[in-house]
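**Q** Annotations for this protein, taken from TrEMBL, read as follows:
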- 25-167: domain 'Lactate/malate dehydrogenase N-terminal' (DOMAIN)
- Gly30, Ala31, Ser32, Gly33, Gly34, Ile35, Gly36, Asp56, Asn116, Ile139, Ala140, Asn141, Met250: NAD(+) binding site (BINDING)
- Arg103, Arg109, Asn141, Arg175: substrate binding site (BINDING)
- 169-333: domain 'Lactate/malate dehydrogenase C-terminal' (DOMAIN)
- His199: active site, proton acceptor (ACT_SITE)
Amino acid sequence: MFSRAVRPTVSLARSLSTSSQNNAKVAVLGASGGIGQPLSLLLKNSPLVSHLSLFDIAHTPGVAADLGHIETRAKVTGHMGPDQLDAALQGCEVVVIPAGVPRKPGMTRDDLFNTNATIVATLADACARNCPEAMICIIANPVNSTIPITAEVMKKHGVYNPNRVFGVTTLDIVRSNAFVAELKGLDPARVNVPVIGGHAGKTIIPLISQCTPKVEFPADQLSALTVRIQDAGTEVVKAKAGAGSATLSMAYAGARFTFSVLDAMNGKEGVVECAYVRSEETECKYFSTPLLLGKNGIEKNLGMGNLSAFEEKLVADAIGELKGSIKKGEEFVANMK
């Protein structure tokens, strides 16, 4: 059940090979799944992590044993089942949550809601009790609702800090960079497209007008590119023909975001990532924009910047759906027994 889920200041490859040291304990909740295993592998390979705490409802000891044989510094511990969840989280500074069920052909992210909402609420409750000051990075879909769920659960415990709870939307940026680079013949490692809004369908708003390096597309190609970015998750679900959803690219994106958080916690300056967070940028309580990260999480919300008329319409079209998803998450927690 748990096996579901702005260019960084440094690339993922450099994060893996950097000589900087940190003594961060990082937990992956849902570590045995399609996202959790490759994500845990990438985290194990980083000198930024000193202790990798893996949790899932099945198979975690095997995943931990396998990763534990890798010749990098991070100690790996495996925790399995509800009775070991608290131990997995104690002392953690960063918690990454890819737990949940994956999308299958024909499913929307909202179809995942009931199962994944319960999982995320349970895990958020455990985080609130065991590591209330940790950076919480939610991958579990639908992110547009699971972030409000996490916030409301932590509020019940009196430990909610909006600067430390992130909906990981990095895969939308990664895809945008790859697709723009492909169309323009650029090195994707040098392309940066901010993506704002949410993390489902039309709430995903790539700001092509703010891409670096600057790129331009005819209106019809820009529209098609935007739709492809918004529907990229479905593209993978269809291509896997019922065998899963985006796991490897999501693991890459999750690792990239986690490394940026760890870099910022280590005192690195100028670390910017987009994420879906508590926000005053629009009439939605939660909204993704580029964020300047610091030692205590969000240091500054950098906002939407100057939008083109095309992008302004995308934002206007997304607001209603985002508000509905946020309300759905809040009501789920309000109605929990």
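Each Cβ is built from the backbone N, Cα and C atoms, and glycine gets one as well.
TrEMBL labels come from automatic prediction, so no person has curated them.
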**Q** Checking the contact step here: among the binding-site residues Gly30, Ser32, Gly34, Gly36, which have a Cα within 10 Å of the Cα of Asn141 (substrate binding site)?
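**A** Near Asn141 (substrate binding site), where near means Cα within 10 Å, there are no binding-site residues at all.
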**Q** Just to verify a number: CA distance, Met250 (NAD(+) binding site) to Arg175 (substrate binding site), in angstrom, no decimals.
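**A** Just about 10 Å between their Cα atoms.
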**Q** Going by Cα-Cα distance, pick out whichever of the binding-site residues Gly30, Ser32, Ala140 is nearest to Arg175 (substrate binding site).
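**A** Of the binding-site residues Gly30, Ser32, Ala140, Ala140 has its Cα closest to that of Arg175 (substrate binding site).
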**Q** Just give the helix, strand and coil counts over the domain 'Lactate/malate dehydrogenase N-terminal' (25-167), going by DSSP.
**A** 65 helix, 30 strand, 48 coil
**Q** Among the binding-site residues listed here, Gly34, Gly36, which has the most company in the form of other Cβ atoms within 10 Å of its Cβ?
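**A** Per the Cβ count, the most surrounded site is Gly36.
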**Q** Reported as an integer number of Å, what is the Cα distance between Gly34 (NAD(+) binding site) and His199 (active site, proton acceptor)?
**A** 19
**Q** Provide the number of Cβ atoms within 10 Å of the Cβ of Asn116 (NAD(+) binding site), excluding the reference atom itself.
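**A** A count of 26.
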**Q** These are the binding-site residues: Ser32, Asn141. Which one scores highest on other Cβ atoms within 10 Å?
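**A** Counting every other Cβ within 10 Å of each candidate, the maximum falls on Asn141.
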